[in-house]
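Structure first, commentary second.
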């Protein structure tokens, strides 16, 4: 008789434990064990439990290849179970690890392979590999939510999502409680149904007595200032639009006499010296604005000219509509209240474009595409499944919730933003058409926008360092499995993965430059780096600061209630207050961005891989090196931020989640 020591780890999350009976079968190269019940006092596999058992075989069954696990109801009362991993020690002391990380919800037999990563060409069990992929493809089905944007997972309700992709019970309770209680927690109940307009800035300040962050407080105090307005294009919520301006757009009616009137420099010379920058909101041109509570709203498509003055990025001209004309003046810093209102219109446009293009489309929707394709095309033993799984956590559920609660017909975004309704889909489709592969890769994007040498651009500085750390990690791991380019070209599962992404994520549009196949390891490393960066760092950059920068409503109005001024000299503070969203709209917008900025108690930060999908020593060493590099960068960012009036913390690895989970 031969004894195998079987150690079962139950995940340390809510409701992971079970009192059901657990059975295992060990399968080796020379045979398999009996289907053995793991006898345990009170049948209890508690949350966080680690228990060892003996499975006896009549003979040595050789090298272990897989394990069969079955959960049977105890006393006809079925409960769920979430095992982490199973370790098996052979009679000669050889250890085998089986990563599980899968919810058991019924009495079906589940098969898991030994944890060593294998490409298809290295795997002797192609039948089991294909069977697993077929099951996943039947589970994760592509669907079209709206034409002209990336496809999504087919899931009409949260219950139709696989349990492995759902929030933990604690996260679900936290999220739903927050969604219901957001307005209450911010103590805004008395304003939630008030349709009146604001009568003073002091009244708006009254909203912030219960929840102020250091950054939202700074925004409240400095929102009128040009320096803070310009700074946000680099280190605010949307650092994705600003670009170097070498020549003015033909439709931007700025003359050389309008700016730099002191004579110390000229517009043309400053362009030559790479000191002039442009933000162009042309995607918003002609978008049908929303009607909120029976009141027509307004959304402009501004052009903003900025000047790098030493270490500061200062706005020098704003045109609020794309088509030049007498009713579309160019506003200048000398225009006082007109200038302030023009900046507010810009910030409202920025809010709407940011939320739909740079936040929803380029992080949430793409992350969902990467998640679905990964689960459809890679078996669990594929190294890319193991590498990417931590970066898919909770993404499908948060996106289903976004489609139900934010952009649906009755969603908050639809009801309370200028672009809500048909405008959402116009902006998303235009943004998708404008998106390129290079714009998703921060080194290329920064170069294409001419921003390599702008001082104090912390999104760029931290983002490039994060990109390079991720890239080194990805390259080290992947070249361990792909020894030459031919290994990449011949991996059918890998090629199916990128084809799925190209077809369903980028709608087979060749002009955006997204690869349709991989011919070299270098191409693969860059694309996988982009995937991980998008799901983690890029999402953090455009998501985590929402309350910080938008919590003070005049700094980022979700809509404007009056048309933009058509001539100068007509604006007063009362004009500005009249243009801002009303009290009810402000409150619902505020509660939503507060919710979306909250970090879950069970957040997992970049490189914190709780689920140990890799079992071999080499990738585990590389994960440790990855974590060490991230820790060093975190300390570096923390030290830098101590000397800044406006700290940039959104790409600090200790605050960047692994995945798009909120």
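Cβ atoms are placed via backbone N, Cα and C, with glycine included.
Here the structure is a predicted model, which means the values were calculated and not measured.
The domain 'PLAT' annotation in TrEMBL covers 2-118. Under the heading Ca(2+) binding site, TrEMBL lists 17. Positions annotated as site 'Essential for stabilizing binding to COTL1' by TrEMBL: 103. Residues annotated as domain 'Lipoxygenase' in TrEMBL: 109-662. Here TrEMBL flags 359, 364, 539 as Fe cation binding site.
Counted with DSSP, the domain 'PLAT' (2-118) comes out as 3 helix, 60 strand, 54 coil. Close to residue 539 (Fe cation binding site) in the fold, though at least 6 residues off in sequence, lie 359, 363, 364, 367, 657, 660, each with a CB less than 8 Å from its CB. Counting only same-chain residues six or more apart in sequence, the Cβ atoms lying under 8 angstroms from the Cβ of residue 17 (Ca(2+) binding site) belong to 10, 44, 45, 46, 47, 49, 81. Residues near residue 103 (site 'Essential for stabilizing binding to COTL1') in space but far in sequence (CB under 8 A, at least 6 apart, same chain), listed by position: 80, 81, 82, 162, 163, 164.
Same-chain residues that are not part of 359, 364, 539 yet have a Cβ within 8 Å of the Cβ center of the Fe cation site turn out to be 358, 360, 362, 363, 367, 538, 542, 543, 660.
Its Cβ placed at the centre, residue 364 (Fe cation binding site) has 24 other Cβ atoms within 10 Å. With a 10 A radius on its CB, residue 359 (Fe cation binding site) counts 23 other CB atoms from all the protein chains.
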